[in-house]
Amino acid sequence: MSVDVMTSKFGNITLKTSTPKKDPGDDDVAILSSFLPEYLMSPAAITKNKAFECSMKRDCRLGDPKATPPGTKKMEYKTRQWHEKCFSCVVCKSAIGTKSFIPREQEVYCATCYEEKFSTRCVKCDKIITSGGVTYKNEPWHRECFTCSHCSTSLAGQRFTSRDEKPYCGDCFGELFAKRCTSCVKPITGIGGTRFISFEDRHWHNDCFICAACKTSLVGRGFITDAEDIICPECAKQKLM
């Protein structure tokens, strides 16, 4: 006698008909078979049938969890057994039949309900992430949903920074929040390790921190303030002469 063997590995679920080589309580397969008339059964099989009890118990769809009418199909998975009609998804209650299913913590789910209940969902759109997601602040996002909070440019694989728990691309962060260089007036974002100098209430990019007269870099050197300008000591001496 052949039986239907349905694998229960989520993500690679197949259906085949073959003679079972594993015990019905095996962890990897569910066995679908039929109750036979007793005259076609061995004494051991008769004893096993009499011990049958549907795992649905009082909720058995046949009304009697111990019912074994000839021709009725049963499903056996691990150490549990059901009438075929009772082997159903714990969420939508639809009979599994020959469809794929996923077991979890003693419950059985159809593939659709399992995906809806347990799959990772994007924190922005609440849709299931099937592949290529992004994690930010320990929360999952679709790559296309992980965007700058101001201009909506994708940030996946790009440098970005955050403010008030919101991500921003470098350009938007600079325009909205960053200090501006006294010399070039462009934002000082610090993204990518950009260094800068601050003096009193003024700020400069490292490359912009130069003498107003001779244009040499003043980074790491002393300097003199001359009204709104900064100049090196040599130029300050020349100016005083």
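Here the Cβ of each residue, glycine as well, is placed from N, Cα and C on the backbone.
The average pLDDT for the domain 'LIM zinc-binding' (58-119) in the predicted structure is 89. Residues or ranges marked as domain 'LIM zinc-binding' in TrEMBL: 58-119 (among others).
Residues or ranges marked as domain 'LIM zinc-binding' in TrEMBL: 120-179 (among others).
Under the heading domain 'LIM zinc-binding', TrEMBL lists 182-241 (among others). Within the domain 'LIM zinc-binding' (182-241), the DSSP-based counts of helix, strand and coil residues read 11 helix, 18 strand, 31 coil.
Counting residues of the domain 'LIM zinc-binding' (58-119) by DSSP class, helix then strand then coil, yields 13 helix, 19 strand, 30 coil.
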